[in-house]
Amino acid sequence: MAVEYECCGTSFFIHIAVIVLLVLFAGLMSGLTLGLMSMSLVDLEVLAKSGTPRDRIHAAKILPVVKNQHLLLCTLLICNAAAMEALPIFLDALVTAWGAILISVTLILLFGEIIPQSVCSRHGLAIGATVAPFVRVLVWICLPVAWPISKLLDFLLGHGRVALFRRAELKTLVDLHGNEAGKGGELTHDETTIIAGALELSEKMAKDAMTPISDTFVIDINAKLDRDLMNLILDKGHSRVPVYYEQRTNIIGLVLVKNLLTINPDEEIQVKNVTIRRIPRVPETLPLYDILNEFQKGHSHMAVVVRQCDKIHPLQSNDAANETVNEVRVDVDYERSPQETKLKRRRSLQKWKSFPNRANSLGSRSKRWSKDNDADILQLNEHPLPKLDEEEDAVGIITMEDVIEELLQEEIFDETDHHFEDL
């Protein structure tokens, strides 16, 4: 095809200007396709809420544009394709056919693909926020063609998929942001450790943090608080001491060591004559977060970890057996007759984290030290001493400190612990 416009004429310069605009427009569409579509809605929401002041402004401008991702993608690709297809038409009027093909391919590859995508991949947020109003206009112009295609993509591929990190991925992401990873992160070792511990805490259970019964310091309810026992309690350095009845695995309560300050060792008062607080019993499979939530209520910072034995009554149906296994029982009330206790085991019981209703029924005792304080005290004179159920086996003791250590992923030492280490 012959050249239609010779050099230096008015039409020649008009065609040159149109060609330049088409190349720039195609490059902008190509760069925005990579820059805007590579940013997920989650990333933009994070920047809009917690980014730098400039990033917050940019993210707020871009979010409404990229909210409908398929419509935006169709608009950018349609505009890019239109510009690239129109470029050879105007070039063909200035140069020969082979020259038009060579020049158009070079311009599109260099100025329409490589350079724009390189720039927008690095500065896509700022560029996208700058041209966001222009992109909205293009969306309305291309709406008759882009909207049906975007709806078809929504139907086939789904709409509004949010790319969230799984727990393991989030933990790895936190580790990479630590300054020890050498990638420019600003999180310290303690920060990354605590965050990782919080993420792993939901996967850990009571049996992972408990102290075995064999390694636990416990006292008999009938023991005398003489000078030897008081010195032993003092040497152990615990703030709470579990109390058992008849056998070590039958933990019925706990004694606060601070309540023993007024006890005269020479009087040899029995343990059962001092204030014994109730101690809850938790299954060994109870998540640590549920235990932590219950500890925060203030009823007790120590619990007995029990294991369910495989003893099922012959008359019990399979459905009832499955229901008993799948449910979690937390026994914090010992003021029940044996018949009530047996009936309680057959009822549908709740996990600790669903206990607010029960707490309200007991007068909202959580964090209220002056109300219903007697409900946490073991009444020995009015009721028989409790015993461990036959289908349960006490395996350990867990405290608030044990849960916090799992959260921090480090041992917590107090003054007494350091004293024993020095020895």
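Quick reminder: no glycine exception, Cβ is built from N, Cα and C everywhere.
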Membrane-wise, does Swiss-Prot list V42 and F295 on the same side?
no
Other C-beta atoms that fall within 10 angstroms of the C-beta of N273 (N-linked glycosylation site)
13
Intrachain residues whose Cβ lies under 8 Å of the topological domain 'Cytoplasmic' (116-136), provided they are six or more past its termini:
27-28, 30-32, 34-36, 38-39, 47, 54-55, 57-59, 61-62, 64-66, 72, 75-76
Confidence summary for the topological domain 'Cytoplasmic' (33-70), mean pLDDT rounded:
88
